[in-house]
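Residues or ranges marked as substrate binding site by Swiss-Prot on the basis of sequence analysis: ARG9, LYS10, SER98, GLN99, ARG100, GLN162. Taken from Swiss-Prot, the feature FMN binding site covers SER67, ALA68, MET69, THR70, SER98, ASN127, LYS194, THR224, GLY273, VAL274, ARG275, ALA294, ALA295. Taken from Swiss-Prot, the feature Mg(2+) binding site covers GLU163.
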Amino acid sequence: MDESGAGRRKEDHIDIVLAGGRVASRLDAGFDRVRFVHCALPELDLDAIDLSTRFLGRPLKAPFLISAMTGGPARAESINAHLAEAAQALGIALGVGSQRIAIEDGSAGGLGADLRRRAPDIALFANLGAAQLLAARGLDAARRAVEMIGADVLVIHLNPLQEAIQQGGDRDWRGVFDRIGSLCVSLSAPVVVKEVGFGLSGAVARRLADCGVAALDVAGAGGTNWALVEGERGTGRSRAVATAFADWGIPTAQAVVEVRAACPDLPLIASGGVRHGVDAAKAIRLGADLVGQAAGTLKAAITSTEAVVEHFSQMTDQLRIACFATGAADLDALRRVPLATMD
């Protein structure tokens, strides 16, 4: 794909996701079918509830990840600056969007050394597509992705359905699994593998765990549907093809349960259709260690650093109150509280 076309595609992605509606998954994330048992006598100080955690050795003040959003286009520079500054202020993790354009043509979109200067203390996740590992210098590109932003972790995203519908997308995925395994051995930074909104099954998660990944992000169905996003960008035919996949994928809550059962000890991120801090509490109760949000943050990210801080402060308040209302003094206790129903 030519560089100008890739940049235009990233701009289109921002506009389409902001418009919402038509590209939302027809599946819900599944959190509404999870119910906590309310604790009317918590015997806790709300303000003393501890939401801090560690993920891959990095301390976090709350179990939130600003998930991969955008990389490359000029507009991404201010978005990524706002996200980095907010993550630093909040003490939460930040995952950048795909760095493919930045690596191939230098259009950094805020994905350079300045990002780490804005957020010197956060857990910072670099990002590259799995299909890019198949290129002759794919493993070198992965190392560059980490180095160019001073990242702690490299995220490899799996998006075969999106690529199948995208004009000019990567259609041959033979050898991707072996390249991920090679990367896990050769890269000094931990490797995290994520989907992009269609979910990881327990079987795929187990294969990835066996090849050496440090953590997984289920990135389940229930939020943005990237098949529909690519359909919006394409011709009438590609839009018609994409529409058939409007309800495709593994809902996030189901994916968390499946992956946790398949990989009991592997660090796990839940993302995909997380709306608020109560959804985050449910994801943690089901087995997640960290909770990510992307599209739900985008409007705030375009506005200002302060808007992003306010957005995640609200989510943190909601999570803290959910702990309080279930009698959980910290995240470990939240993982043990009873559930009323899970259909």
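Every residue, even glycine, has its Cβ placed from backbone N, Cα and C.
A quick note: this is a predicted structure, and the numbers were derived from the prediction, not measured.
Positions of the features from Swiss-Prot, shown on the structure.
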residue: SER67; record: FMN binding site; DSSP (3 states): coil
residue: SER98; record: substrate binding site; DSSP (3 states): coil
residue: GLN162; record: substrate binding site; DSSP (3 states): helix
residue: LYS194; record: FMN binding site; DSSP (3 states): strand
residue: GLY273; record: FMN binding site; DSSP (3 states): coil
Inter-residue Cα distance where the pair is SER98 (substrate binding site) and LYS194 (FMN binding site), in Å: 12
CB within-chain contacts under 8 A for SER67 (FMN binding site), separation at least 6: GLY95, ASP217, ALA219, SER271, GLY292, GLN293, ALA294, THR297
MET69 (FMN binding site) to ARG100 (substrate binding site) - Cα separation in whole Å: 13
Residue pair GLY273 (FMN binding site), SER98 (substrate binding site) - Cα distance, angstrom, rounded: 20
Candidate with sparsest Cβ neighbourhood (10 Å radius) among MET69, ALA295, the listed binding-site residues: ALA295
DSSP state at ALA295 (FMN binding site), helix/strand/coil: helix
Nonlocal residues around GLN162 (substrate binding site), in sequence order (Cβ under 8 Å, 6 or more apart): GLY169, VAL196, TRP226, ALA227, VAL229, GLU230
Lowest local Cβ density (other Cβ within 10 Å) among binding-site residues: ARG100, ARG275: ARG275
Fewest-neighbour residue among binding-site residues, criterion Cβ within 10 Å, set SER98, GLN99: SER98
Cα proximity to ALA295 (FMN binding site), best match among binding-site residues SER98, GLN99, ARG100, GLU163: SER98
Separation of alpha carbons, the residue listed as 'Mg(2+) binding site' and GLN99 (substrate binding site) (Å): 16
Neighbouring C-beta atoms (10 Å sphere around the C-beta of the residue listed as 'Mg(2+) binding site'): 21
